[in-house]
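The annotation domain 'RWD' is assigned in Swiss-Prot to 41-165. Swiss-Prot lists 275 with the feature phosphoserine.
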């Protein structure tokens, strides 16, 4: 099913398993500004097509803010992050069962002149099934999407073909320790950026709320401030709702990870990068002692398997 995005005409012309874009198909007559405008127009269309709560999640809000700012100023200078969002769809996998399929989408700067990076996940898919689905989706995009926006085409392809990748044994028997409804659960990890975190009351709230909601992760006070929380999606959303209501100079979700899982305690613990929630105060720099040692932060993230997040936060390679 080919879906065309309607817009004003242009001038002429986190995963080895994912449908990773290869910069094979180029559209040389499309300039950078037109590419950016096409990305924003498609994102607006997706928001209207997936209006439900948690149907469309913008994982990197700063990237979208940068995109809008560049379009408004008519320059691509200052753009450092790729647009990253997740589409969650409840799909029929049998006559009596539905399951959530998540499409994690990253738009390269030159998209739609090059293909997007899309990774499809579901708790009902084995590793081999997931790999095959993503491989076939890549082949579909390479064959049918030459310089065109194609996220809606990808969602329709998944909607039509996903059930074929779920084996009969998997779809007919619930995962051990879970129920049919449990396939709708999401394990979430929020990476929150703040201009600064100094206030002792705020720091206390962060620790107490994380404990109350059974979230793991860490907070790093100072300038800038960093908070990471992970756990069931509903608990992470509640934490963010409380945190953003406090008085901040600037605070936003810099990066977001949403992973479908079966809801069992064993699976929850397996998904965690952090065993507890704690405040991390690294060796400080500066006369006031408000600036953290980012080298130590990077090393800490690396030990937790999160080193790639450092560049997403600060725009530079960690070392």
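Heads up, the Cβ atoms here are built off N, Cα and C, so glycines get one too.
Model, not experiment: these values are computed from the prediction.
A C-beta separation below 8 Å, combined with a sequence spacing of at least six in one chain, links the residue listed as 'phosphoserine' to 216.
Each residue of the domain 'RWD' (41-165) gets a DSSP state, and the totals for helix, strand and coil are 55 helix, 28 strand, 42 coil.
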